[in-house]
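Engineer: Take a look at the following structure, please.
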Ligand SMILES: NC(=O)CC[C@H](N)C(=O)O
């Protein structure tokens, strides 16, 4: 079916604003939190990122689908977004790795989308009013009726979604080359590039379900603990805060990404809050305050840590501080914890050094983790 022949569809925001467009992907009706992504490439990685669970993703880049869908770039076993919104869906997929079109993949996975929407107007609306619930339907023609159902949907604030995305069983990603360390990576919605980046550095990664506690981390023979990205509100992560507290009490090195940064923040005693519309894209500038370098980074977060930028915070493990700051809005983008000797023992970033998709400026953070593991091993030897 060509785009011209495809059926009409509607999109309705919870504040009543509506748009009409065309069905894209599966036919049907879907709901979620409306969020916009500014990346101009990497839609396959975006769609398969488990952190987008229960979110309807709007691409600000106007042409989507040009490179089709391949068998290599998935960041997990499936598409997780609850809906997909684009301006102009590519009619022809053209790439040597493409196996099928984006529309075919969305349909095969039952993902409802909409195209031919004024995504610029929609994004400006969300920037002004903030992220909100949305519905998309190719079966309903009455926006008022869809609006009623949008208002019945749960909000993202308070949402506990990790149980819907975590691995049911533990699995191992082997180290590449000589094995130097073992790390237990708690799967809160992990992207496959993350264990890959560690494996490239000689780390054997034991990916554990989100329910894992310290005895399971120990049983894996872990030299260090890692917390992944993940969907939902960080206030729902008490179980993970307990695990991280136990791990830090036992002197275990820690590294966290995104949701992992928010959980580290809570463990250090900081609060979290919801951003007006979040950071989602692959060209967000961040300052590493320890080196003064600016890096261009991949982001996907709707919540952030509330920690002071101008002073250190004393904890029972040592001194905590904000290590990275977003240069667009001064949002906390990283945290670090140093012991009484000033040595780094645990750290995290709010953004995505695994960079799938995105620039590789922040890859040094995996090397930083290796340095922390090396020192901890030397001290325990
Ligand atoms: N990618 C992530 O880990 C996102 C963390 C959290 N769900 C947020 O929206 O801020």
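Each residue, glycine too, has its Cβ placed from N, Cα and C.
Unlike curated entries, TrEMBL annotations are predicted automatically.
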Engineer: According to TrEMBL, 230, 232, 259, 262, 300, 302, 303 bind L-glutamine; which one of 20, 41, 51 is listed for that same site?
Structural biologist: 51
Engineer: Setting 51, 230, 232, 259, 262, 300, 302, 303 aside, what same-chain residues sit with their Cβ within 8 Å of the center of the Cβ atoms that define the L-glutamine site, listed in sequence order?
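Structural biologist: Apart from 51, 230, 232, 259, 262, 300, 302, 303, the close residues are 189, 229, 231, 233, 234, 258, 301.
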Engineer: Give the distance between the Cα atoms of residue 302 (L-glutamine binding site) and residue 258 (active site, nucleophile), rounded to the nearest whole Å.
Structural biologist: 10
Engineer: Using DSSP and three states only, what is residue 354 (active site)?
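Structural biologist: Where residue 354 (active site) sits, the three-state DSSP reduction gives coil.
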Engineer: Anything within 10 Å of residue 352 (active site)? Look among the binding-site residues 51, 230, 232, 262, 300, 303, comparing CA atoms, and list what you find.
Structural biologist: 300
Engineer: Around the Cβ of residue 302 (L-glutamine binding site), how many other Cβ atoms lie within 10 Å? Please give the count over every shown protein chain.
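Structural biologist: Counting Cβ neighbours of residue 302 (L-glutamine binding site) within 10 Å gives 21.
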Engineer: Select one residue from 262, 300: among these binding-site residues, choose the one with the most other Cβ atoms within 10 Å of its Cβ.
Structural biologist: 262
Engineer: Compare all C-alpha positions of 51, 230, 232, 259, 262, 300, 302, 303, the record's L-glutamine binders, and send over the largest distance in angstrom.
Structural biologist: 13
